[in-house]
Amino acid sequence: MKNIETKEDLKKATDLALTVSMIMVKNGAEIFRAEDASEKVLRAIPEITQADSYCYPTGVFVSCEYRGKDYTMFRKISLETYNMKPVEDCNTLLRDFVNTDLSLDEALNRAQEILNRKPASRKQITISAAFACAFFALLFGGGIRDFMAAAIAGFTVSNVIYSLSQYSLTFFIENFIGAFLSALIAVFLNKIGFGNNVDYTVIGAIMILVPGFPITNAARDIFSNQYMSGIIGVTKALFQAFSIAAGVGIVLKVVGL
């Protein structure tokens with residue numbers, strides 16, 4: 001059983017709820033899941049008689065009633081990546097906090113450790129992207145040459161996007177540049193005889209840019225009555241898709257394919 005006796009304890013509890021929600025939203029979890037997690041944290045404390053959470057892609061609100069008074073906290077956030085490991089760790093932390101004697105301080109320390117954990121390195125990201133693009137080229141019907149060409153394109157594009165992320169460009173520009181380079185590299189490699197079919201190479205190379213995860217999460221949010229977050233997610237995914245199509249289309253139009 002979790003008990004709080006002072007306003008300092010209450011602040012720790014709301015900090016924990018906010019941090020858990022922030023981690024989930026920043027790493028690509030569904031909005032309804034992030035809200036549910038923070039509310040479960042607060043409802044595990046008997047002295048808190050009412051708990052509410054409101055999350056959307058750029059911010060998290062947490063409100064609770066303690067000894068007849070309402071307390072509200074807010075954190076502005078930004079979506080950083082799609083990484084299920086921190087989300088899984090938050091779910092484990094949540095289960096431990098609700099179902100075991102894990103203290104508030106221990107839970108908050110664990111949440112801060114998850115929040116401040118270093119992301120994947122550039123080497124890990126680029127190599128993973130190369131393999132993903134290569135196998136997507138095979139999946140869509142390409143041969144071994146298309147496999148290699150897509151790997152080179154994916155490796156190069158992921159390196160460029162990683163570098164661009166340091167300059168705070170919009171997602172539209174990043175996706176456009178990534179798609180443009182993917183198509184350009186694919187066409188070049190096929191022109192010099194390294195690939196068999198430019199279509200398979202291009203498709204494989206742009207798969208790391210396709211917003212499959214965001215559109216799925218947006219649909220799940222809409223089905224869970226999170227209409228605002230869902231519409232935001234769908235709108236962003238559509239702009240991402242448009243930027244990818246524009247980047248690839250310009251290259252193919254110029255080279256006459």
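Glycine residues also receive a Cβ, built from the backbone N, Cα and C atoms like all the rest.
In TrEMBL, annotation is done automatically, which means it is predicted and not curated.
The shown structure was predicted, so the numbers you read here are calculated from the model rather than taken from an experiment.
Among the features that TrEMBL reports, domain 'Threonine/serine exporter-like N-terminal' is placed at 15-254.
Look at TrEMBL and you will find 125-141 (among others) tagged as transmembrane segment.
Annotation comment: TrEMBL describes 200-219 (among others) as transmembrane segment. Within the same chain, residues 28-31, 82, 129, 132-143, 146-147, 149-150, 153-154, 157-158, 175, 178-179, 182-183, 185-187, 189-190, 229-234, 236-237, 240-241, 244, 248, 252 sit at least 6 positions outside the transmembrane segment (200-219) and bring their C-beta atoms closer than 8 Å to a C-beta of that stretch.
The transmembrane segment feature in TrEMBL is assigned to 231-252 (among others).
Sequence-distant contacts of the transmembrane segment (231-252) (same chain, at least 6 residues past either end, Cβ-Cβ under 8 Å): 56-57, 171-173, 175-184, 187, 202, 206, 209-211, 214-215, 217-219, 221-222.
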